[in-house]
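Asks: Below is a structure I'd like to ask you about.
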Amino acid sequence: MRRPLLAGNWKMHYGVSEGVALVEALSADLTDLTDRDVLVCPPFTLLGSLAPLLDGTAVALGAQNMHYEAKGAYTGEIAPQMLKELGCSYVILGHSERRQYFGETDALINRKAHAALANGLKPIVCVGEVKAERDSGQAESVVVGQLRGSLAGLSAEQLRGVVIAYEPVWAIGTGDTATPADAQAMHARIRAELAALSDQATADAVIIQYGGSVKPDNVDELMAQPDIDGALVGGASLKAADFIRIVRFK
């Protein structure tokens, strides 16, 4: 049985005081979870401040990006082991905003995925199509191509340590959401591709999140789909009440 993973991606929001207030509200409320996992991914600048507050709580800590090298002359970058030392257990890789604004490729994301796993971090590998690709009937081929490139060279055992996040780019921050049926269809296609890359048992073990304007009023229907195993939440994760309601989906 796959345990749902509800992750909040704060993106480039919040300073220390706002971040502390948010995680204190989350950790105070989310004390009785037994069948799902919760994660927040704040900006790098907050990791050191929030890690001690989350230690021993039900809320795990993750980062929004990392470099694939262990150290070196990479100005502005963060190494996997640095994240581990700060208490991170997850790292988001290949978010569509990284692909769009910073030119990240499947090959680069693949190097990062290998490095994350080698350093004991669980990568959340993001895939998703833009609106033109969906409208032209290319959504599945685009997503499958991203999966193959981003996960190349990973063993079945390694794949079991990866989380996939399907985020249709046209739905991120727009208020538009894929219908539960459309989201389920893509998640099922992703799981079928994971089976082709490894085996069915491995594919059945991998958590596949949905992301893209997940809100309190649509999370229940999304999470009722058989291949949707959680959510990667953007804007709604910045408000404690909204994110708590999402975590407590029914």
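Any Cβ shown, glycine's included, is placed from N, Cα and C.
Sharing the feature lines straight out of Swiss-Prot:
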- N9, W10, K11, G173, S213, G234, G235: substrate binding site (BINDING)
- H95: active site, electrophile (ACT_SITE)
- E167: active site, proton acceptor (ACT_SITE)
Asks: A 10 Å Cβ contact count, applied to the binding-site residues N9, S213: which residue has the minimum?
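Replies: It is S213 that, of the binding-site residues N9, S213, has the fewest other Cβ atoms within 10 Å.
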Asks: Round to a whole number and give the Cα-to-Cα distance in Å for the pair K11 (substrate binding site) and the residue listed as 'active site, proton acceptor'.
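Replies: One finds 15 Å between the Cα atoms of these residues.
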Asks: Can you list the residues of the same chain, besides N9, W10, K11, G173, S213, G234, G235, whose Cβ falls within 8 Å of the substrate site's Cβ centroid?
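Replies: Close Cβ neighbours, site residues excluded: I172, V233, A236, S237, L238.
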Asks: Does G234 (substrate binding site) have same-chain partners at least 6 apart in sequence with Cβ under 8 Å from its own Cβ, and which are they?
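Replies: In sequence order, N9, K11, I172, G173, G211, S213, V214 meet the Cβ cut-off.
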Asks: Go through the recorded positions W10, H95, G235 and tell me which ones have a CA within 10 A of the CA of E167 (active site, proton acceptor).
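Replies: Near E167 (active site, proton acceptor), where near means Cα within 10 Å, the recorded positions are H95.
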Asks: Least buried of the recorded positions K11, H95, going by other Cβ atoms within 10 Å?
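Replies: Comparing Cβ neighbours within 10 Å for the recorded positions K11, H95, K11 has the fewest.
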Asks: Between W10 (substrate binding site) and H95 (active site, electrophile), what C-alpha distance do you get in Å?
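Replies: A Cα-Cα distance of 12 Å.
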Asks: G235 (substrate binding site) has how many other Cβ neighbours within 10 Å of its own Cβ?
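Replies: The answer is 18 other Cβ atoms.
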